[in-house]
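Quick look at what TrEMBL lists:
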type: BINDING; residues: A:His143, A:Arg373; note: substrate binding site
type: BINDING; residues: A:Ser190, A:Asp215, A:Asp216, A:Ser217, A:His218, A:Thr246, A:Leu247, A:Gly248, A:Lys249, A:Ser279, A:Asn280; note: pyridoxal 5'-phosphate binding site
type: DOMAIN; residues: A:50-391; note: domain 'Aminotransferase class I/classII large'
type: MOD_RES; residues: A:Lys249; note: N6-(pyridoxal phosphate)lysine
Amino acid sequence: MAYSNKARDFFSNELKNINTAGTFKEERYIESPQGANINVEFPVGAKPKEVLNFCANNYLGLSSHPEVIEAAHQGLNERGYGMSSVRFICGTQDIHKELETKLTKFLGTEDTILFPSCMDANAGVFDVVLDKEDAMISDRLVHASIVDGMRLCKAQLYNYKHSNMDHLEEKLKETQNLRLRMIITDGVFSMDGDIAKLDEICDLAEKYDAMVMVDDSHATGFMGKNGRGTHEHCGVIGRIDIITTTLGKALGGASGGCVSGRKEIVDLCRQRARPYLFSNTMPPVIVAAANKVIDLISKTTDRRDKLEKNTKYFRDKMTAAGFDIREGVHPIVPIMLYNAKLAQDMARDLYEEGIYVIGFSFPVVPKGQARIRVQVSAAHEKEHLDKAIAAFTKIGAKYQILGKKKDEIIAQYGY
Amino acid sequence: MSDDLKKLIIDYVKKEYLDDDSEEIDESTQLISSGIVDSFSMVALKTFLEKKFQISIPDEKATTEAFDSVNNMINLLKEFNVA
């Protein structure tokens, strides 16, 4: 053993620095299934408290849906617990293939390959398709997993200002002499809930002969009329070359992800993507439940319709109550507070009122743009939304921010 | 040379990283620790300097501190005799 005091002191100091910077992340223990109502033990050792959950990615409310749970049980009974293998040795069951086929059909692509997570899909896909003669041209606010994937790829990196199409076009002109180029973006950006301009991006991609890659984790299952994702919302189905997405949010919320898109790219991922080749296959229980999820959302759009209605109701009422909200249509609703301490204090007070939300500040969001991120779900009923709106209004009045815009809140609390 | 260099880098940072044309930065503005330039897109800044001055900045010198302000970048460039 060579875990010396020197090593221990070094790591302890790192932890202290995280604490001092105010970015130490604490887990809260949930003693119930995921849902609109959850029982939370916080702080550790406290009596569990029933709160309304407004911070899960459980957009369609399928995380604890009875039919999904039943399908998971059936998968466990019929296909077992683990596969003890990667996919290409002896880790592919009929239900894995079934899920890939269903996802391809649902997303409207040519083919799909499952990964252990969307983080893994993003970590693997760029290195498979691009090399040093090529260019990755990414939106500057893409998810951290895309950043990690781009770091692992030798292609030249360019990035454009967030959703700035003129800047993207400049980068496309700048890289015209390179072999292959890929425009890389989130479909929906997770901190603001804003939507990529995929129609304009596809037009530019066609004009300058570049591929388009979209991480649609915060959209698959509910954005667009049939819930297919941001590409459906923007009217560009069939024009996106690579979609990566997750089964860990709207689609049941357990785990797993995929690369879906052009057939050759998916085939190459099966040969070369390191997280696919060297990580265990998705467990049968999750695959079986995910198959049921795709069946449920293919059969009816009721859940995504309810989510859309809930989102509009919540956004309208919160705006009327006087909160400064980033405009949009997505169930991610950023309540802008600008000051980090104000965001933390209000989130703590809301928890006391039975509303579980989280305050986000730098470095997760840019400096001076602290906010509480609310996530609306189809699992929420009108009374849940009303309770949250009433609690926000009470706490907003306590901190005297209702009806105030950015400059006034900053004048009151500072950045 | 130094003033021209300052202007060159400031103009590049404004054009590439600032959303609002009216925002101003100077040679001592913190770029990375203030969040204007994130540590990942700093790579583009490094590539810009390398191409402009035909140098190769090794990874151990391309620290977030070395790119945290225009002054720091000029100090880095001095090591390559281009500032």
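Even glycines carry a Cβ here, placed using N, Cα and C.
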Quiz prompt | A:His143 (substrate binding site) and A:Ser190 (pyridoxal 5'-phosphate binding site), distance between Cα atoms, whole Å | solution = 8
Quiz item: Could you state the CA-to-CA distance between A:Leu247 (pyridoxal 5'-phosphate binding site) and A:His143 (substrate binding site) to the nearest Å?
Solution: 16
Self-check item: Largest tally of Cβ atoms lying within 10 Å of a Cβ, found at which of the binding-site residues A:Ser190, A:Asn280
Solution: A:Ser190
Quiz prompt | Predicted model, mean pLDDT over the domain 'Aminotransferase class I/classII large' (A:50-391) | solution = 97
Self-check item: Between A:Arg373 (substrate binding site) and A:Asn280 (pyridoxal 5'-phosphate binding site): CA-CA distance (Å)
Solution: 33
Quiz item: Among all the protein chains here, how many other CB atoms are within 10 A of the CB of A:His218 (pyridoxal 5'-phosphate binding site)?
Solution: 28
Exercise. Around the Cβ of A:Leu247 (pyridoxal 5'-phosphate binding site), how many other Cβ atoms lie within 10 Å? Please give the count over every shown protein chain.
Key: 29
Practice problem: Please name the residue among the binding-site residues A:His143, A:Lys249, A:Arg373 whose C-beta has the most neighbouring C-beta atoms within 10 angstroms. | Solution: A:Lys249
Exercise. Taking only the Cα atoms, work out how far A:Asp216 (pyridoxal 5'-phosphate binding site) lies from A:His143 (substrate binding site), in Å, as a whole number.
Key: 11
Quiz item: Across all chains shown, how many C-beta atoms besides its own are within 10 angstroms of the C-beta of A:Asp216 (pyridoxal 5'-phosphate binding site)?
Solution: 29
Quiz item: Where A:Arg373 (substrate binding site) and A:His218 (pyridoxal 5'-phosphate binding site) are concerned, what is their Cα separation in Å, rounded?
Solution: 14
Quiz item: Whole-number Å distance between the CA of A:His143 (substrate binding site) and the CA of A:Lys249 (pyridoxal 5'-phosphate binding site)?
Solution: 15
